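Visitor: Not my notes, these are from Swiss-Prot:
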type	residues	note
BINDING	LYS141, GLU178, TYR179, ASP187, ARG211, SER212, ASN213	ATP binding site
BINDING	ASP248, GLU260	Mg(2+) 1 binding site
BINDING	ASP248, GLU260	Mn(2+) 1 binding site
BINDING	GLU260, ASN262	Mg(2+) 2 binding site
BINDING	GLU260, ASN262	Mn(2+) 2 binding site
DOMAIN	104-287	domain 'ATP-grasp'
Amino acid sequence: MKIAILSRDGTLYSCKRLREAAIQRGHLVEILDPLSCYMNINPAASSIHYKGRKLPHFDAVIPRIGTAITFYGTAALRQFEMLGSYPLNESVAIARARDKLRSMQLLARQGIDLPVTGIAHSPDDTSDLIDMVGGAPLVVKLVEGTQGIGVVLAETRQAAESVIDAFRGLNAHILVQEYIKEAQGCDIRCLVVGDEVVAAIERRAKEGDFRSNLHRGGAASVASITPQEREIAIKAARTMALDVAGVDILRANRGPLVMEVNASPGLEGIEKTTGIDIAGKMIRWIERYATTEYCLKTGG
């Protein structure tokens, strides 16, 4: 097969591993910067051009689209889809997952347990917003934040009010969430491919922090997950219509809670921690589903 990887930086670990895994299985691979793709939208002869040339047909596309370029990145991916390329995560699913409010609404509607969460835009009644999620301590986030940026733990009501007021000055959407103290700065990252959790790690925040993101210096170890956690991770990915997802789970006293569903999970931390060839599993999933039937379904 001919496979395109959409990424701004082909030197990143995840891109290199996906390329390596695809080549090992006999596929042709090209890494394309989605921002350098430009599209001819024409009912008679739509096409995608890249750096002065018309791109050939790709059997499959692996989107590694960063949050900062979600709009144009998903637009480029839609064009590949329209031309009959199988996407490892459809554009509409990626856009949905990037909308934190929409994601939580969908997960809640499916009965998937979440931390008690409130979302507001420049709330006038800060006190009521705090009460709505059960009071302090609580976590205050910018809805647009990623990798733990724009996330603050407010341990007292006064601190919570101060943080919310400061965020309100940014004219930003604010997410207020109960703090799961018993998780002790740890979460579980489940890597879902299709209908299977192929790997799971426990991420622990560095000392003095409560954010377990590996990008912020957190540590990782292999996690043994329960059947309930496995079921919830798969259900969360399926709810978001993602073939590949990183599902972050907190272990609370009342049971596992889904924190986030990531549509473009990094592979470095979880592959190096578990030793599992996740990139290879992703390529095998593509081999299974990038079929003539998909092209016929999409008109490709």
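For all residues, glycine too, the Cβ spot is worked out from N, Cα and C.
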Visitor: Sort out for me which one of GLU178, ASP187, ASP248 has the most neighbouring CB atoms within 10 A, since those are the binding-site residues we care about.
Guide: ASP187
Visitor: If you measure LYS141 (ATP binding site) to GLU260 (Mg(2+) 1 binding site) at Cα, how many Å is it?
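Guide: Between the Cα atoms of LYS141 (ATP binding site) and GLU260 (Mg(2+) 1 binding site), the distance comes to 13 Å.
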Visitor: Count the Cβ atoms, other than its own, that fall within 10 Å of the Cβ of LYS141 (ATP binding site), considering every protein chain shown.
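Guide: 22, counting other Cβ atoms within 10 Å of LYS141 (ATP binding site).
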Visitor: May I ask for the distance between ASP248 (Mg(2+) 1 binding site) and ASN262 (Mg(2+) 2 binding site), taken between their Cα atoms and rounded to an integer number of Å?
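Guide: On Cα coordinates alone, these residues lie 8 Å apart.
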Visitor: Taking the Cβ of ASN262 (Mg(2+) 2 binding site) as centre, how many other Cβ atoms lie within 10 Å?
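Guide: A 10 Å sphere around the Cβ of ASN262 (Mg(2+) 2 binding site) contains 21 other Cβ atoms.
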Visitor: According to DSSP, folded down to helix, strand and coil, what is TYR179 (ATP binding site)?
Guide: coil
Visitor: For TYR179 (ATP binding site), list the number of other Cβ atoms lying within 10 Å of its Cβ atom.
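Guide: Result for TYR179 (ATP binding site): 17 neighbouring Cβ atoms inside 10 Å.
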Visitor: Would you kindly give the Cα-Cα distance separating TYR179 (ATP binding site) and GLU260 (Mg(2+) 1 binding site), rounded to the nearest Å?
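Guide: It is 15 Å, counting Cα to Cα.
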Visitor: Inside 10 Å of the Cβ of GLU260 (Mg(2+) 1 binding site), count up the other Cβ atoms and send me the figure.
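Guide: Result for GLU260 (Mg(2+) 1 binding site): 19 neighbouring Cβ atoms inside 10 Å.
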Visitor: Between ASN262 (Mg(2+) 2 binding site) and ASP187 (ATP binding site), what C-alpha distance do you get in Å?
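Guide: Computed Cα spacing between ASN262 (Mg(2+) 2 binding site) and ASP187 (ATP binding site) is 14 Å.
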